[in-house]
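Here's the structure, in structure tokens; my notes come after.
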Amino acid sequence: MLGFLKKPVVVTAEINVNLVALTVMGLISRLWGLSYPRAVVFDEVYYGQFVSLYMKRIFFVDDSGPPFGHMLLALGGYLGGFDGNFLWNRIGAEYSMNVPVWSLRLLPALAGALCVPLAYQILVELQFSHCAALGAALLILLENSLITQSRFMLLESILIFFILLAVLSYLKFYNLQRHSSFSGSWWFWLLLTGVACSCAVGVKYMGLFTYMLLLAIVGLHFWHMIGDQNLSNVSLMCHFLARGLALIIIPVAMYLSFFYVHLTLLYRSGPHDQIMTSAFQASLEGGLARITQGQPLEVAYGSQITLRNVLGKPMQCWLHSHTNTYPIRYENGRGSSHQQQVTCYPFKDVNNWWIVKDPGMQQLVVSNPPRPVRHGHIVQLVHGITTRYLNTHDVAAPLSPHSQEVSCYIDYNISMPAQNLWRVEIVNRESDTDVWKTIMSEVRFVHVNTSAVLKLSGASLPEWGYRQLEVVGEKLSKGYHQSMVWNVEEHRYGKSQEQKEREVELHSPTQMDISKNLSFMAKFTELQWKILTLKNEDTEHKYSSSALDWITLDTNIAYWLHPTSGAQIHLLGNVVTWASANVAALVYMCLSLWYLIRRRRKIYDVPEDAWQLWVSAGGICVGGWAVNYLPFFLMEKTLFLYHYLPALTFQILLIPIVLQHLNDHLCRSLLLKSMFGALIVAWFSSVYFVYCTFSPVTYGEPSLSVTELKDLRWKDSWNILIRKQ
């Protein structure tokens, strides 16, 4: 019974020493001295603010991309016990003792380190030699710009890691396709491809281009599968559904989950939520939620309301009036109605309150029971403090003469009757009988007499209008725009018919209690739209550059300068590697064109299997370079050298592919192979020499003298910082 004990239990394992060694070297190169410098380095001043907001659970919007990358950086802060208390106000500021610098920089550094073994495995899966794969990994290892970018609290190394992981996972899945479809390993690598793609997009939208490239390759491979007569229709359908599940449904679900976690973590109001709608703001703890808590939901005749313009540009503002009138004549000689001004005011004020009145009744209070206002109802809007009616007429607006003036009507007895009837149109209604709701409903006010729509023009009035924003009546024929849409932000049921009592009421808080919960999908849709459409004013930066500057490395970025010594850190690439990558891409394209022309003439210079290998490698590497580089020529944003790093990584992978191809198929004699091998050794030695030469400005130490710094300025366009003596 115990006979099995007579034999030893043996466990065997295959260990790729190359892979282990590369991983160790990658970790050493990226993690060594990670806490140095203990000061804010370049864009850490930007991402650090978001990490602090995560720690304090305060909502923010970053128009640069989705939240997954920010959450990973915040995870590093959380693991290090960061409390979020640090003022990220300038580059070079010394970190206080409560900032876990090593922990905050750890995840980007790990991602950068793991890119080294990933590069090795990608070339192995592409069926190239281990020697070529080792060369690709060493080039990634010794690339100064990738080292610099991965050693700080920045996102590019994380983006590159997920991009390479997605490529490797798909290659492993594809190679398993031939002999073990639907096995556990097959499913693992297919699902990991979709997960990695989703993570890449979740870090930065640039990951979307690699995702689309992989989807195109998947589509091409599946197209070839359709032509395989050995596969049944049922098998093809299963393959199609498996790919759809792993590469579309799961990435979309994961992408939504990033926002779900983001919105769950950031539940407190902060300075960024002012650009969101009132409904979104009211869903956050504090801020507007404190003001709107307890408001009645349904707007009724007699309701006292404030109306916020949905557009929020050039700034959030509320429909407003005051006792001042429009000037009789403007500076250009045009006349006005000289009636009471109506503007959009960017601050909360008692003059922002309006009363919703039934045109057929005189009372300005809510009846019992309340009579709700529905889509299509006709109302009058009475200014709470002055009790004058919102009015528009065929008089040109002050700054927008093509539009109608909006005023509060004053009866001057000059044959200009009041035109103060407005039809309520709920833009986001579900049916034509919807009730006008506080915060939730987005409404347009259509003037009954002229069919003009109440609109924020966005123009700033002169001194006579206190620089407040102009409100006009715009013809419906001009089309729909968010500047025509308003929502009720603050709301109470009016109880006082007398003016003096009503003024006291307008200053008092609401007391009725009702909760207004916004669904996740509604919040996600709004936040996603804000991220895609919100644009900060792009200003010229000292270290900004054009996409053309990146290829030839004509630019650099000074990341950090020691306050007293000559120690400094620059984003600066290995010039030999960058030049070699450009040459490799050029050689690949020229050789491919030559082979295609020759194959068209039925001349086959390389065996078919080598040709397929050449094409598939180019599809990954050249395609990866193109999709991560060419889109920048279409982008209207401030560009920096680090934007090129994902494209550069793919281009570096191409170098050993081209070298192996030249060695295997163009160097036909033993002498040529020996000479070519000697050239490769000399070339790689120069790569290592450049890495060592620029390592002081890659790692920030040792400190260099003025002469040594001047010697590093290999190009006149490089901005190496030299202190004045």
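Cβ coordinates are placed from backbone N, Cα and C, and glycine is handled just like the others.
Curation does not apply to TrEMBL; its annotations are automatic.
Checking TrEMBL for transmembrane segment across the ranges 37-57, 100-120 points to 100-120. In this chain, the transmembrane segment (186-219) lies in contact with the transmembrane segment (609-627); the count of Cβ pairs under 8 Å, excluding pairs fewer than 6 apart in sequence, is at least 3. Contact counts against the transmembrane segment (154-174), taken as Cβ pairs under 8 Å, peak for 639-659 among the stretches 9-32, 68-88, 240-261, 575-597, 639-659. Under the criterion of 3 or more C-beta pairs below 8 Å, with sequence separation of 6 or more, the transmembrane segment (100-120) and the transmembrane segment (671-691) do not qualify as touching, having fewer than 3 such pairs. Looking at which of 9-32, 68-88, 575-597, 671-691 has the most CB pairs under 8 Å to the transmembrane segment (639-659), the answer is the stretch 575-597. For the domain 'MIR' (431-491), the number of residues in each DSSP class (helix H, G, I; strand E, B; coil) is 9 helix, 29 strand, 23 coil. If you count C-beta pairs under 8 angstroms between the transmembrane segment (68-88) and each of 9-32, 240-261, 671-691, the highest count goes to 240-261.
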